[in-house]
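K.L.:
According to TrEMBL, the protein carries these features:
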SIGNAL    1-25  signal peptide
ACT_SITE  Glu140  active site, proton donor
DISULFID  Cys216-Cys231  disulfide bond
DISULFID  Cys358-Cys369  disulfide bond
DISULFID  Cys363-Cys400  disulfide bond
DOMAIN    400-411  domain 'EGF-like'
DISULFID  Cys402-Cys411  disulfide bond
Amino acid sequence: MLLRSSIHHPILTLALSIILSPSNSVQNMVEGVESVIGRRDFSVIWNIPTAWCQHRYGVSLPLHQFNIIHNSKQRFQGQNMSIFYQRRLGLYPYINRQGSKVNGGLPQLGSLKAHLSLAEVQISEVLRKTFRGLAVLDWEAWQPVWMWNFGTRIVYRKFSKNLVRWKHPDMSEEEVKSEAKAEFELEARAFMEETLHLGVRLCPEGLWGFYGFPSCYNNHGQGQSGYTGQCHNGTEILNDKLAFLWQHSTALYPSIYLWRKLAGHTHAQLMVRHRVLEALRVASQHSPGTEALPVFPYTRVAFTHTLAFLNRTDLEHTLGESAALGATGVVLWGELSFAKSKSKHLQLGTYLAGVRNCSKRMCNAQGRCARQDPHSGYMIPLHGTHEALPLSDMRSKFKCICFEGWSGEHCEQRIS
């Protein structure tokens, strides 16, 4: 049960523990996304529905004081951050947990035209045309690559083959599989590609992308000796075949959620490193423009499927690793249950202040720090420790990724 007292409120305690340096907390009260779109400073975006706390208990979390980008009144959807789930955007075809087909069940049987028509209305109801925030499409029922539909998703392969058998009863099993794969991937592509295209057309300045993409599939072997964190063999090739997706995206949102078994484990850092590196590779090689796509890894304030919060080491393995690799920022996601969970102090502010101080010291506040060697393991020094490190030492370990409009080794040159 939540308490009315703002001092002891669990989520408020969480927020108040996000301590930034005084200069940052006062000067950069963030309820907009200029730091994301314009200067491209490392950003933390709040995607947790804590408006529930204010609505039911009259408790408002002062996230703007801690440089956390969030929606007005901390709503789950708004002009800075909006996530569109599969049941709330258009007529996404999927098979539910009961095995029933929804909106046709398969992409091949869905109505793309009707889907886009409804999605246009729904997007327009939520976002203004001038929207410049993060727009995330969360479709997790099936994957656009045939072979990635395994486990519970294998049902999409099964029904796709049944559909081909029904249309072509004389086909061999090999022909059925080949045709089913081709049909599924073609229509899956159409749904994803056209939905992204619609979003960008309606809100051209928004950061549109699919949650969990690009994939890496590096869970196998976690916690066991010999685990390297590298993406599954062939992942790069398959991600390159999804060039159509990246060409229509304006941001990438890989998932770096941690399982409880990785608490405090160095394998967590390896897992996160390779997922972020793959996203950065895709962002650089497949960007539709001259600059790499911004990358915002999705992380959680607690371990997957638990209410056990990340501690300082775990934050270093997720948020800290993302920052050190040069990601644009991270998205903090959480369900409504987080608003009812017990108190646990997070030390996000230490990392945010450290990242921004590194930017000021090394990159003239016009770029982000990133490791010279992605696998070196060097972390951006915490706030208050930069001054003790010689600048030459910092520059031997980190480089600058300049914000838009700036260039040079230390982002000292304005591009006219």
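Residue 1 is the first one shown; counting continues down the chain.
Every residue, even glycine, has its Cβ placed from backbone N, Cα and C.
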K.L.:
Distance between Glu140 (active site, proton donor) and Cys411 (disulfide bond) at the Cα atoms, whole Å?
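P.N.:
Computed Cα spacing between Glu140 (active site, proton donor) and Cys411 (disulfide bond) is 39 Å.
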K.L.:
If you draw a 10 Å sphere around the Cβ of Cys231 (disulfide bond), how many other Cβ atoms fall inside it, taking every protein chain shown into account?
P.N.:
21
K.L.:
How big is the Cα-to-Cα gap, in Å, between Cys400 (disulfide bond) and Cys369 (disulfide bond)?
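P.N.:
About 5 Å separate the Cα atoms of these two residues.
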K.L.:
Give me the count of other Cβ atoms within 10 A of the Cβ belonging to the residue listed as 'active site, proton donor'.
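P.N.:
The residue listed as 'active site, proton donor': 13 neighbouring Cβ atoms within 10 Å.
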K.L.:
Could you give me the DSSP helix, strand and coil counts for the domain 'EGF-like' (400-411)?
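P.N.:
Summed by class, the stretch gives 0 helix, 5 strand, 7 coil.
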K.L.:
Given the disulfide-bonded residues Cys358, Cys363, Cys369, Cys402, Cys411, state which is nearest to Cys231 (disulfide bond) when distance is taken between Cα atoms.
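P.N.:
Closest candidate to Cys231 (disulfide bond), judged by Cα separation, is Cys369.
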K.L.:
Between Cys216, Cys402, which of the disulfide-bonded residues has its C-beta surrounded by the fewest other C-beta atoms within 10 Å?
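P.N.:
Minimum Cβ neighbour count within 10 Å, taken over the disulfide-bonded residues Cys216, Cys402, occurs at Cys402.
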K.L.:
Could you say which of the disulfide-bonded residues Cys358, Cys363, Cys369, Cys400 has its Cβ with the most other Cβ atoms inside 10 Å?
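P.N.:
It comes out as Cys369.
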K.L.:
Average the per-residue pLDDT over the domain 'EGF-like' (400-411) and send me the rounded value.
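P.N.:
PLDDT averaged over the stretch: 91.
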K.L.:
Which disulfide-bonded residues are spatial neighbours of Cys411 (disulfide bond) here, meaning Cα within 10 Å, out of Cys216, Cys358, Cys363, Cys369?
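P.N.:
Correct set: Cys363.
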K.L.:
What three-state secondary structure does DSSP assign to Cys358 (disulfide bond)?
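P.N.:
Assignment for Cys358 (disulfide bond) reads helix.
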K.L.:
Validating a neighbour-count step here. Other CB atoms within 10 A of the CB of Cys411 (disulfide bond): how many?
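P.N.:
Its Cβ shell of radius 10 Å holds 21 other Cβ atoms.
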